[in-house]
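What TrEMBL says about this protein:
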{"type": "TRANSMEM", "residues": "26-47", "note": "transmembrane segment"}
{"type": "TRANSMEM", "residues": "74-98", "note": "transmembrane segment"}
{"type": "TRANSMEM", "residues": "104-124", "note": "transmembrane segment"}
{"type": "TRANSMEM", "residues": "145-164", "note": "transmembrane segment"}
{"type": "DOMAIN", "residues": "153-191", "note": "domain 'Mechanosensitive ion channel transmembrane helices 2/3'"}
{"type": "TRANSMEM", "residues": "170-190", "note": "transmembrane segment"}
{"type": "DOMAIN", "residues": "192-259", "note": "domain 'Mechanosensitive ion channel MscS'"}
{"type": "DOMAIN", "residues": "267-350", "note": "domain 'Mechanosensitive ion channel MscS C-terminal'"}
Amino acid sequence: MQINNTISLYAQQMAGPLFDTIGSKLAVAALIIISSIILAFAVDLVFKKVLLHYTAKTRFKIDDLVLKAVKRPIYYTLIFFGIFLALSVVGIGAYFLIVINNLLLTLLALIWLFALVNINKILFDNVFPGLVQKTETQMDDELLPLLKGLSDIIIIVVGIGMVLEGVWGINVGPLFASAGIVGIAIAFAAKDAISQFFGGLSIYYDKPFKNGDRIEIGDGQIGLVQEVGIRSTRILDFYNNMIIIPNSIIANNKIVNYTSPQPQMMVKIMIGVEYGSDVSKVKEVLLKIGNDIDLVLDDPKPSVRFDNHGDFSLDFALILWVKYPSEKFSVINDVNTLIDIEFKKAGIGIPFPTYTLLKPE
């Protein structure tokens, strides 16, 4: 309402002196419309011949696209402003003037609204993809279409709300409140999908792992991270099976990252020998086995620890380091094979559970 009064007052002030020379409100209105059209064409010509010609020489593509996106809305804004002024000069009646002006303002607002949506598309198509390509995860690439859709919805909803309240005087508060209730109901129905989505966001921002890391989830699932998505994470286990885990499960469980901060991994192998075995000799043989395996690192060096006096055996721990977690099982296989061979050569026995029965006399 205030917009219409302002336009009408401005039009009367501008056209007042012209009534005496032209002598007709229609002539003044026609002159205003023609002037606005000429001005619109002049501005459009400046865009084509000057601004777009200048931006075409830059190495950026986005400036051309943004100028093209706002060129038409500015053109129509100038013409519509002329129509507003012309209608105010003609004096067709307050009620009809308000209705027509509101319709024209609504149409102009929709034109600018779609221009903003177009600019938003330009940003998501030409700016943000270059930024997310610099990251190591695929999640941000997958988030782009979702964020674009959400931003489009926000622009449209806010724009329509401003038109309804600013032009037509409709209180949009109750409408947004009703939309909030509907949103809560939808969110409750889709709580699993939403929890997975926010779990994916927490993984993306917290970055507990990245593609190529070997991780262990709280339930004991171990695998190589293949892809971190919006709803789920894919890992490849030792049996070459693709495991798809919802992000909500990952976000709510303990995660062991065997690759970070360094890919080196400790391999601890427990060995039990017979009571009465020479402890020094057992350590010597185990160290030789550790040093003879190619996949075992020299730094840190292999080490042997006398771990425990067990029920049936003397328990030793052979501590080895490998470069990558994927080498763990191969090293364990080689160690166990060499233990069987070297212990036989050294006369070191591997016990089995025995029980002594005492018969009372």
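For all residues, glycine too, the Cβ spot is worked out from N, Cα and C.
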Counting only residues 6+ away from its ends, which parts of the chain sit with a Cβ under 8 Å from the transmembrane segment (104-124)? 3, 62, 65-66, 69-70, 72-73, 76-77, 80, 83-84, 144, 147-148, 151-152, 155-156, 159-160, 162-163, 167-168
Could you tell me how many residues in the domain 'Mechanosensitive ion channel MscS C-terminal' (267-350) are helical, how many are strand and how many are coil under DSSP? 36 helix, 24 strand, 24 coil
